[in-house]
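The transmembrane segment annotation in TrEMBL covers 15-40, 70-87, 131-154, 166-185, 218-239, 259-280, 348-366, 372-394, 434-451. The domain 'CBS' annotation in TrEMBL covers 488-552, 600-662.
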Amino acid sequence: MKFLWTVKFMQSDSFVMAFVVYAGFNVTLVTVASLLCVYIGPSAAGSGIPEVKAYLNGVDTPNIFSIKTLFVKILGSIGSVAGGLIVGKEGPLVHVGSCIASILGQGGSVKHGLTCKWLRYLKNDRDRRDLVTCGAAAGVAAAFRAPVGGVLFAMEEVTSWWRGPLLWRAFFTTAVVAVVLRTGIAWCKQGHCGLAGEGGLIIFDVSGVQDNYGLNELVPVVVLGLLGGVLGSLFNQINAKIIMWSGGWLKKKGKFAKIAQAVIVALITSICSFGLPWLAKCRPCPDHLTIPGEKSCPSYGRAGNFKNFHCPDGYYNDLAGLFFNTNEDTVRNLFSKGTNGEFEFSSLFLYLGSAYSLALLTYGIAVPSGLFVPAILCGATYGRIVGMVMGMFYKNGPIDEGVYALLGAASFLGGSMRMTVSLCIILLELTNNLLLLPLIMLVLLISKTVGDCFNDGLYSLHVHIKGIPFLEAHPPRFMSHLTARDAITRPLIWFSKVERVGAIVEVLRSTNHHAFPIVDNDEQSGKPVLFGLVLRSHLLVLLKKKQFLEDRYSYAEKEQSSLVSSAEFAKPGSGKGLTIDDIELTAVEEEMFLDIHEVANTSPYTVVETMSLAKAYTLFRQLGLRHLCVVPRTSEGQPIIGLLTRHDFMSNYLLNLFPHVRQNNYTKIQAFTSSAVGSRL
C-alpha cells in the first residue's frame with residue numbers, strides 16, 4: 001500500500017506529497033513498533049538472538065520468552081520491516097520460535113489462563129532448553145525457508161550443549177516448518193495473499209547460470225573474503241561503540257528518548273531511500289529481458305528490477321531499484337541472474353555507503369530488528385561491484401554478476417557473524433545452486449579468519465554489551481595461573497539438615513544466593529561433613545507448605561504422606577516465580593524447625609581447592625552446572641570452603657581481583673571497556 005500510494009502521487013508529478021505519504025507510512029509504522037517495545041515488551045527490542053544464545057548457555061533472563069514479548073516481537077517486526085528500516089525479520093523470527101517453544105515447555109501461561117496439563121511434564125531445565133533450541137531452528141527455517149540450515153544454525157551459533165536426540169528433534173521441527181511453508185505458498189499462489197503471493201521455497205534463484213569457474217575466479221573470491229572480513233569486523237566494532245554510547249545517553253533521558261531515536265532513524269532512512277535515487281541518471285530499458293519473472297521495463301506498482309521512479313517511459317532508475325524497494329526485493333535484484341550491466345558503479349557505491357551507515361544506526365534502536373538482511377544487502381552490493389570489475393577484465397567471463405553478489409553476501413555474513421557451515425547451507429538453500437558450494441565455502445572461511453583477527457562475532461559482542469555472564473567454550477589462558485580457591489571471595493552461608501525456620505527466612509531475605517550447602521555432623525565420627533546442596537526455590541516451596549517440626553529431633557517421625565510432590569518443585573514459567581515476600585509466617589512458626597535434607601542434592605559436584613581454575617571452568621561449562629562446591633585438601637576443619645557460580649568465572653571479575661595475571665601479549669580489539677561491562681554483571 002505504501003509503495004502503490006507513493007507511486008500514484010509520483011505519476012501525477014506530486015513529488016512533495018509522494019514523499020509525505022512515503023515518510024508518513026515509515027515513521028508511523030516504526031513509531032508503533034517502538035512504542036510497543038518501550039512500554040509493553042522491552043525484551044522484544046533487537047534481534048533476540050543474543051538473549052536466546054545466553055539462555056541456552058544457562059542464563060535465564062526475566063521475561064525474555066513471555067507471551068507479552070512474543071506478541072510485541074511479532075507486531076514490532078511487522079512495523080520495523082514494513083517501515084522501510086534496513087533491518088530483517090530473520091533474527092526476530094528466531095526469537096519468536098524460541099518464545100513459542102518456551103511457552104509450550106512451561107505448559108502455556110498460567111497468568112493468562114492458557115495452560116495445557118499434558119505439556120507440564122516438560123517443565124524442567126533440560127527439556128525446555130531442548131525445546132528452545134528446536135524453536136530457534138524453526139525460526140531460521142521459516143525466515144530463510146532453509147530447513148537444514150535451521151538445524152545447523154541452532155547447532156553452530158545458539159546452543160552451548162548439543163546431544164544426539166536433539167539433532168533428530170530439531171530436524172523433525174524444521175521438516176514440519178518446510179511442509180507448512182510449502183502449504184502456505186501453494187495457497188498464496190492461488191491469489192489469496194495479494195502482492196505477497198509470489199515466491200516459493202527458493203527465494204533467490206541463481207540456478208542455471210554459468211558455473212564453469214576456473215583459477216581466474218579464485219582471485220576475486222579471495223578479495224571478497226578479505227573485504228567481508230574487514231568490513232564485517234569494522235561493522236561490529238562501530239556498532240558496538242554506538243550502542244555503548246547511545247545506551248548510556250538514552251538511560252539518562254528516559255523512554256521518550258528511545259522513541260525519538262527510532263523516529264529520527266526512520267525519517268533519515270526515508271529521506272535517503274526517496275531522495276538519493278534523484279542523483280541517478282535515467283537509463284534506457286534493455287532490448288531483451290532475460291530475467292525470470294520480469295515481463296516489462298519499467299515496472300509500475302509491483303516488485304521488479306527496473307523501477308520507473310521519475311524517469312519517462314522506456315527508461316528506468318537503477319538506484320531506485322535498490323533504495324525505493326523492499327529489502328527482500330532489493331536482495332532479489334542484486335542476486336538476479338542475466339542482469340550484467342543493470343547497475344552503474346556510482347549507484348552501487350552510493351547504495352553501499354548508505355546501507356552500511358543506516359544499518360549501523362538502526363541495529364540497536366528500540367524496535368525488533370535482524371541483521372541478516374542488512375549484511376546480505378551490503379555484501380551483495382560490493383560483490384556486484386567486484387563482478388563488474390571482473391567483467392571489465394574478462395569480457396566473456398564465465399560467472400554472472402549475480403553470483404558475485406551472492407559470494408559478497410556470504411563474505412559479509414561470515415565477517416560479521418563468524419558462522420561457516422550453517423551460513424553455507426542457508427545460502428545454498430536460498431539460491432538453489434549446489435555447484436557454487438566450493439566458492440561459498442572458501443569465501444566464508446577467509447572472511448571468518450580475517451574477522452577473528454580483529455574482534456568477536458556480532459552476537460558475542462552484544463552478549464557482552466548487555467552484561468550477560470556468558471561462558472565461552474574455552475577458558476581464558478590466565479585462568480591456568482589461578483586455583484579454585486582464588487575465585488572464592490564471598491563468605492559461606494550454610495544450613496543444617498534440620499534448620500530453624502526463622503534462620504532460613506533471615507538468610508533468604510538478606511541474600512540473593514540461589515543455593516546453600518548443607519553441613520551436618522557425621523553419625524559415626526561426629527565430624528562435620530558436606531551433606532549436599534539445597535536450592536532457594538525448594539526452600540521457598542517448603543516454607544510455603546508450612547510442614548514444620550516442633551523440635552530438631554522429630555523429623556524421623558514425620559509421615560511420608562506429608563511430603564510435597566515433585567510437581568510442586570517444577571521449574572516456574574517466564575515470570576519471577578515464588579519469592580520470600582510471598583510467604584507470611586507468624587512468630588511462633590519462625591521458632592519452629594524445617595527438615596530440608598530430603599529435598600537436597602546429596603551428590604553435588606565438588607573440586608579440590610587447589611584445582612586449576614581453568615580445569616574447574618571446563619568442568620562447570622561442559623556439565624552445564626550452576627554451582628560447584630570447593631572442598632579443602634584435608635579432612636580437618638570445615639568440610640566446604642565455598643561455592644563457585646557463573647559469576648566467579650567471569651574474566652572481568654577475576655582480572656579486577658588479580659590484575660597481575662592480565663595478559664600483556666596481543667589480544668583482539670575490544671569493542672567495550674572492562675569497567676563498562678563489569679558494572680553490568
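Backbone N, Cα and C define each Cβ position, glycine as well.
Bear in mind that TrEMBL entries carry predicted annotations, made automatically and left uncurated.
Across the domain 'CBS' (488-552), the model assigns an average pLDDT of 89.
Sequence-distant residue pairs (6 or more apart) of the transmembrane segment (434-451) and the transmembrane segment (218-239) include at least 3 whose Cβ atoms are under 8 Å, placing the two stretches in contact. Within its own chain, the transmembrane segment (372-394) has Cβ neighbours under 8 Å at 86-91, 143-144, 216-217, 220, 223-224, 227-228, 231-232, 235, 322, 327-328, 330-331, 334-335, 340, 343, 345, 348-349, 351-352, 355-356, 358-359, 362-363, 400-413, 416-417, counting only residues six or more beyond its boundaries.
Through the fold, the transmembrane segment (348-366) approaches residues 34, 37-38, 42, 45-47, 85-87, 231, 235, 238-239, 242-243, 246-247, 258-259, 261-262, 265, 268-269, 272, 276, 279-280, 319, 322-323, 374-375, 377-378, 381-382, 384-385, 388 of its own chain, all at least 6 residues removed from its boundaries and within a Cβ separation under 8 Å.
According to DSSP, the domain 'CBS' (600-662) comprises 25 helix, 12 strand, 26 coil. By the Cβ criterion (under 8 Å, sequence separation of 6 or more), the transmembrane segment (70-87) is not in contact with the transmembrane segment (218-239), since fewer than 3 such pairs are found. Counted with DSSP, the domain 'CBS' (488-552) comes out as 20 helix, 20 strand, 25 coil.
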